[in-house]
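Read the structure below first, then the notes.
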Amino acid sequence: MPTCRRKRVVLTEPSQSLVQSVKTHPDRKVFLLQQTGEIFDSYEAYAARMSFYRLKQFQCEVTGKSGLDYFQAVESERQEARTLHSRFSEPLKPAVLKAVQWQVVGRLDHLVEAVYERFKDRYFKGEKVLVDLSGIKYHAMVDRVYPPKYSTDPQARDAHKGTSSSRSTIDDEKSHNIEGDLKIPVKDVNAKDDPNLYYYWVHILEMERDKNDKNKAAKSEESAQMIGSLMEVQCGRMSRDRLSFSKSILRRFIRDCVDRDAAVASPWTVKPAIAQRYGVNSVMPEETRKGVESLKKGESDKRKKVWEEKEGPPTKKQKKLAASQEEKAKAAALAAEKREREAQEKLEKQREALEEAERIAAEKKKKKPIRYPTEDLDVRITDKDKKAGMKVKRPVPSRVAIPFNDTPGTFEAFLMAWNFLIVYGQPLHLSTFTLDEFEHAVRHSVTDLPCTLLAEVHSTLIYNLRTVPFQRHSAVLSLLRLKEDLEEDGKDDAPMLGITIEDLTAAMADVGNNWERVPLRASEGREGWEDALLGCLKDHATLLNFPRLREVLTKLLFAPDSSQDASSSPSSSRVSSPDISGTQIYTVTSSPSQRYHALPPRDRIAILSFMTTLAISSKAIHTHMESCEEQLTALRKEKIEVNRQKKQYTEEMNTLMQETKEDPTPSADDDTTMQDQSDLSDAPTSDNGSDSTSKSKKKKGDLRQKAQLQAHAKQREAARAKEKSVKQAMAEHRRLDEEVNKLERRLEAIEREFRKLLGGVRVKPMGKDRFHNRIWWFDGLGSASLVGSGGVTQYGAGRLFIQGPSEFDAEILERRQDEDIVARRMEEEGEEGMLGSGDWAVYSDLEELDEYVAWLNTKGHRELALKQALTKWWTHITAGVRKRQADVANHAKLPEARRSTRTKATYDVTREPYMMWTNRRAVNAS
């Protein structure tokens, strides 16, 4: 029985009302937990019990393994029990169980120890043992057991030698009479029934295998003579395999087979089913019952005596006071009642105060501001947010603009195939192309004008799949197995599109047999790629990994009757021809090169999806992924170094700016002013002064002027030096600013390169919105680039795709019980904007993208991360959208201008971008 927190898990019994309803309402619906057999009258009780069983808090009682749920613990116990019972000696089981039954032993370890000492030297008929003969151990089986009374009479033992094949009287004699109280010492038991006086006849089966034995060859010759013989041995030469009998094995066996009540001095009892199987008496003998009851009473009296000794007998003083205490009892009772009333009133006041405190705390908790960012669905748009311009309803993404969105899963397979071809364009030797070009190529159905893009894509995948292990004619074998299964079920081979499996396999026999050796040279237009494609499918595909295999092969190898085939004319690849293959009957044998152009886009996408899925396991792709990982590691190190250098340059620039502000350059006006003041001070003050006075004054003025001139010269020199240092600092600042700009451009290039390489390892969405819708942007991944030579914008998809929540995320949404998620999605997404698990939509207009970004609420975790990711790449996202809109508008002008003419020759398909695409990475060698 599994345990939870060291307690056994008890199964829930049906409620009393449910038991009564069996008679009153036998048709009442209930909830059954099949694994345990428990019955519940409500789903809530059933779900609560199942949730409890699913918790990883249970422990296997046999092995002690923890961290399991209930069902894992039960299975672990069953598995260990099966292993244990298969290893434990079968003849020994009844004897051990009979010895354990009704034993009163406190600990299981003591019980195991007593049983082990009793049986370690005792063996039973039919038991497999090890016999030591002259140092060599043999596997043997006990054939006869002779009690001690035969120990002194060999002739009596030999009297039964000729009765080995039939039942002998020795088999009826009881051996090893050791049942009884296990508390009796082993010495006393062995004195009455000595195991050393038992004799055993054993059949030698084989020699024990010992890998470390160096004399194995010599011993094998001796053992060959011993095998099959019947020998008489005693317990001294016998032993058991440790995997079948040891204290640990015995402990697990007893714990699995016995049980005990929780009451004091309860006996160990064998479980009823096991007791019935091995013939153990389940009814307690009267003598044993009396002994158990006396043990229980003695244990109870012992515990009672211990409590009385703790309290102690009453003293003489207590006896004298007994009378007075009786008189005071009434007064004390009245006082107790009064105190009880006061205590009740006090508790009532405390309860009211506690409720008031809880109410105030709840109000404070409600008023406490929420810390953002938080769970997106917990954020609601307030009136303040609406006034600030935040959108309530998300712009509705277009589902019509998604190509091949008529059939569920087709667009996703189409997008996956395109992304694989773009991301791994370098190891596949395939130039990049846009999603629109790939769409038009898949829709291309003009027979006379081959599409280079289709030929290159299929050829490079065929080259790649040559390195992937395959089984010859796996498709034929899979179809034949399907036919055999139908015949076993008594069903006929119903034709698909008018072709039976026998006709299809006959047509496949001579097509594409050596597909892995076909050159498929680029200089020759990849001639023969259609037949090689069928050969590739024939050796790689089965009905398990390609469910639509039979239908696709039928359409590639057979053509409809000319009377049913509608006349077709060359048309634009932008308009897919209707898929009417489901109503056509294919009867005319054809070839893949003639029939591939008639395949509907859904079948072409299925083929490409199957081939790209297989190509992921190729050696070239794995090597490229490892190379991307190495380059990513180098880029991470380079980014750290560039950021460190940028930080150093920025700190130096700040230091230079601070020094420039602290030391402004002095102007030349200060010198002029000081010079003027010195000249005025030297001017004569009186014409009537004496000559001596004038001479002395003149001399003093000359000295003062000379000193001032020297000081001014020093100041000018210092100012020029200061101005020169400031100019040098500004020049250094400009140089550092240019270096920082270079480092920033390098960081941008590293981010773009990081995105390209990361796409070669794993493609992840930009993020999720509040309703777990996933946002995808596929530009700039793998071999594609966001910026071309000369800074020209490049794009792959040129759009922002939105995918509905996954099944796991949808389940999370459904579990929210605090609000109606469907009503909220209707309010904030609209009925048309709600996407399911497998639904896709797209934003292909700049206004829609701006509105979507404005709708995101940065108070939520998911939308904050999504908006940050979009902001980081916003320049490239919007540039790609503009470039695609311009390209679509330019290529849409020609068909619109020529709609007035009614001649079929007016529209030239070869001028379409997908027809003008060339593979610059093509490898011409075969």
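For all residues, glycine too, the Cβ spot is worked out from N, Cα and C.
Per TrEMBL, the features are:
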DOMAIN    28-137  domain 'WAC'
REGION    149-174  region 'Disordered'
COMPBIAS  288-314  compositional bias 'Basic and acidic residues'
REGION    288-350  region 'Disordered'
COMPBIAS  325-350  compositional bias 'Basic and acidic residues'
DOMAIN    408-471  domain 'DDT'
COMPBIAS  561-581  compositional bias 'Low complexity'
REGION    561-597  region 'Disordered'
COMPBIAS  582-594  compositional bias 'Polar residues'
REGION    658-725  region 'Disordered'
COMPBIAS  674-684  compositional bias 'Polar residues'
COMPBIAS  714-725  compositional bias 'Basic and acidic residues'
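Within the same chain, no residue sitting at least 6 positions outside the compositional bias 'Basic and acidic residues' (325-350) brings its C-beta atom closer than 8 Å to a C-beta of that stretch. Across all of the domain 'WAC' (28-137), the predicted model scores a mean pLDDT of 87. In terms of DSSP helix, strand and coil, the domain 'WAC' (28-137) has 51 helix, 18 strand, 41 coil. DSSP labels the residues of the domain 'DDT' (408-471) in these numbers: 41 helix, 0 strand, 23 coil.
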